[in-house]
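Q: Pasting the feature list from Swiss-Prot:
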BINDING   Leu75, Cys76, His77, Met113, Glu114  substrate binding site
ACT_SITE  Asp128  active site
Amino acid sequence: MSQLTHINAAGEAHMVDVSAKAETVREARAEAFVTMRSETLAMIIDGRHHKGDVFATARIAGIQAAKRTWDLIPLCHPLMLSKVEVNLQAEPEHNRVRIETLCRLTGKTGVEMEALTAASVAALTIYDMCKAVQKDMVIGSVRLLAKSGGKSGDFKVEADD
């Protein structure tokens, strides 16, 4: 079993030293969902929300969050991201919005936390913008979909997950 990388021999939290690692292209994809009433989703889709374009605002929030992950998550390295993508898709058949993010860089450490943070903050932004019309929306299923690059190798969720 793998060891926790952010815990030293004394059991204390520490930032991992990545100075000796090789720079490689690293990429991660994550997703999150915001489930809501059909009326709330229709308001977003139809552009009838009084606060403006919910998807555009959530997209910008997700991108900004990925760039600030190091400031939000203890022990994360500040990264020079070369790409952050936040895609939002209304799924009326499930009364939800699906958020999928992608982060990429050439560097010494992975971008999983950046992709997850982007998805989470985009979901939180949708909640924030819509809470006046529905407070019982559910943010859920935030997860890593795939990662590539780095010493630990590639990861991809199974198709049936």
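All residue numbers here begin at 1 and follow the chain in the order shown.
Using N, Cα and C of the backbone, Cβ positions are placed for all residues, glycine too.
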Q: Compute all pairwise C-alpha distances among Leu75, Cys76, His77, Met113, Glu114, the residues listed as binding substrate, and give the largest one in whole angstrom.
A: 13
Q: Roughly how many angstrom lie between the C-alpha atoms of Asp128 (active site) and His77 (substrate binding site)?
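A: It is 28 Å, counting Cα to Cα.
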Q: With the cut-off set at 10 Å between Cβ atoms, which of these recorded positions ends up with the most neighbours? Options: Glu114, Asp128.
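A: By the 10 Å Cβ neighbour count, Glu114 comes out on top.
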Q: Within a 10 Å radius around the Cβ, which one of these binding-site residues has the most neighbouring Cβ atoms: Leu75, Cys76, Met113?
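A: Most Cβ neighbours within 10 Å: Met113.
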Q: With an 8 Å cut-off on Cβ distance to the Leu75, Cys76, His77, Met113, Glu114 Cβ center, who else from the chain surrounds the substrate site?
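A: In sequence order, the nearby non-listed residues are Thr69, Trp70, Ile73, Leu79, Thr109.
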Q: State the count of C-beta atoms found within 10 angstroms of the C-beta of His77 (substrate binding site), not counting that atom itself.
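A: Looking across every protein chain shown, the total is 14.
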Q: Give the helix, strand or coil assignment DSSP yields for Met113 (substrate binding site).
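A: It is helical.
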